[in-house]
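Comments concern the structure below.
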Amino acid sequence: MVRWKIVLVCQAIFVAIFGLAAPVVMYAIGPDGAAYVQQADYFAQGDFWEAASGYWSPLLPALSAPMIASGIESVVAFRIAQGILGVGYVAAAIWATTQIFALNARGQWIVGLIAAITGAVWSGALTTPDVALACFLLVYFPLTASDRLLTDWRCAALAGVLGAIAFFAKAYAFPFFLAHFTICVAVRYLADRRETRFGKACAGWAIGIVAFTIVAGPWVGALSSKYGRFTFSNSGAFNHYQVGIEDFDWKVVYKIQKPEPGRYSVWETPERLDFEDWSPIASQENLLRQLQHTRENGKKILSGFWKLDPLGLFPAMILIAGFTVCLYGDKRSKFAAVWMIATCGIYAGGFLPVAFEPRYMAPVLLPLCVAQLWAFIEWLLNVDAETVSLSATRRWAPYALAAYLVVGCCARPGFFLLRDVFNERGSGRAIKKYSELLASKGVDGPIAMIGDRWQDGLLISYYAKQPFLGKSFASDWSTADAEFDEYGVQTLIVDSRDPLAEQINSHSEWRLIATSPLLDYELRTYRKGAEKLAAD
């Protein structure tokens, strides 16, 4: 049974951490965050056609839109939306793991504290939909692990609805739901085949799929209409394109190019970039390339599991606990063990063919891994010791393990948050202040970049409300200058470490208007035809 007092306390801890950290790192949104916030602005303006994107999912921007329309700054509104879903994530983590693994109060405290601390870090320091996705998937999971999945049509229907809402949070939920729900129905039927007819299993599966289709269908229809073909997402094409290029350098994104009308950068519409996805079956070379990437991604995914805690307990424990419970546990425990292996395998395995980052899976799988490990430990503690009394060990060992899990699972995310909090650049404060300085000087767009800090140039342009074209890859000034003339560049942001940084001073048409030191380098901003001003 869920202890709701534990839920409320853990949610309060989340709010406290998020409330302290989010204002400090408010503007460290990154290129992805700028695209999401701009999408939220389109929702707030009622421009749903421009807001509809096959690359950027709509849930967080849509949740932010009413706050933006009421006058709250866009970035602040987006952070508040992240905080709202973060509070839900804490409750979902405790409720879901208790339903699936029958956690006692001690286990709920462990899962709740970890979810509160890590959720606050991920929601406050990142502008990604991973926590929002996890919130709804964690509510969905107990339904697919329930013994009522095939006997109560409402259970299957609700699973479909929650899968669709998770799809609104992040498009990855679309293929994941179809695969995961189907596998769960199949496993449940095999476990209950003596009591459940095959036709009833098929009916339960169909109800879930229909419910998913009804809820997700309008958004899929809007995207399909916009792109002229069936589309639930077009992020997969670019993510797959990346892995087909050895030493992918992002030039297709970073190079100077005009954004779509009304957009600040091409990263708001990645589906329109000049690239062509490749097929693994087009040639033997492509197939070998895909197999090699899949192998390397498998290592990264396994490494992601290991990094969930300092000792890397979870990959082995998923299998050890599952194997042990399948041998000695009751029917419910056996199903939960099989369900856990299938869920982790399907969710993590879906990233094998494409570009992958560990943050994709941590918010979803960390609560499940912690809960399974703790449930297994509690199960072992209930096994009678036949020869040696372990009473003293049984008293302190669970508390030691609980402390390790909470501290160990939160240490890595917490470190990165603290690093950004006390860093002007990492927190986004330096970029925001510099953008305001440039805006006060009447900087004109479009803006281009010289140097490696494409992300800085994009964010400065976004906060200054000017279009950002990208960075020049030219190795000499004459080529770069011709490129700037071709695209009508009015403002240049120059990384002081770039070889062209000194050459620009000899060209009178570019005047230095501001500088901003960032760590071991500085950004210098030049305006074309500007009067010479003292650098700030």
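Here the Cβ of each residue, glycine as well, is placed from N, Cα and C on the backbone.
Bear in mind that TrEMBL entries carry predicted annotations, made automatically and left uncurated.
Taking Cβ pairs closer than 8 Å, the transmembrane segment (83-103) reaches residues 1-2, 6-7, 10-11, 14-15, 18-19, 22, 60, 63, 111-112, 114-116, 119-120, 122-124, 131-132, 134-136, 138-139, 141-142, 145-146, 169, 336, 339-340, 363, 367-368, 370-372, 374-375 in its own chain, all 6 or more past its ends. According to TrEMBL, the feature transmembrane segment maps to 83-103 (among others).
Proximity of distant same-chain residues to the transmembrane segment (109-141), defined by a Cβ-Cβ separation under 8 Å and at least 6 residues beyond the stretch ends, is recorded for 6-7, 9-11, 13-14, 17-18, 21-22, 25, 28-30, 32-33, 36-37, 57, 59-60, 78-79, 82-83, 85-86, 88-90, 92-97, 100, 103, 159, 162-163, 165-166, 169-170, 172-173, 176-177, 343, 359-360, 362-364, 366-368, 370-371, 374, 402, 405-406, 409-410, 413-414, 416-417, 420. Taken from TrEMBL, the feature transmembrane segment applies to 109-141 (among others).
The annotation transmembrane segment is assigned in TrEMBL to 153-169 (among others).
When Cβ-Cβ distances below 8 Å are used as the criterion, the transmembrane segment (203-222) is approached by residues 48, 52, 58, 149-151, 153, 155-161, 163-165, 167-168, 174, 177-178, 181-182, 185, 230-232 of the same chain, each at least six residues removed from its ends. Taken from TrEMBL, the feature transmembrane segment applies to 203-222 (among others).
Tertiary neighbourhood of the transmembrane segment (311-329): same-chain residues 302, 305, 336-338, 340-341, 344, 369, 372-373, 375-376, 379, 404, 408, selected by CB-CB distance under 8 Å and a gap of 6+ residues from either end. Here TrEMBL flags 311-329 (among others) as transmembrane segment.
Taken from TrEMBL, the feature transmembrane segment covers 336-356 (among others).
Residues annotated as transmembrane segment in TrEMBL: 362-381 (among others).
Per TrEMBL, the feature transmembrane segment maps to 401-418 (among others).
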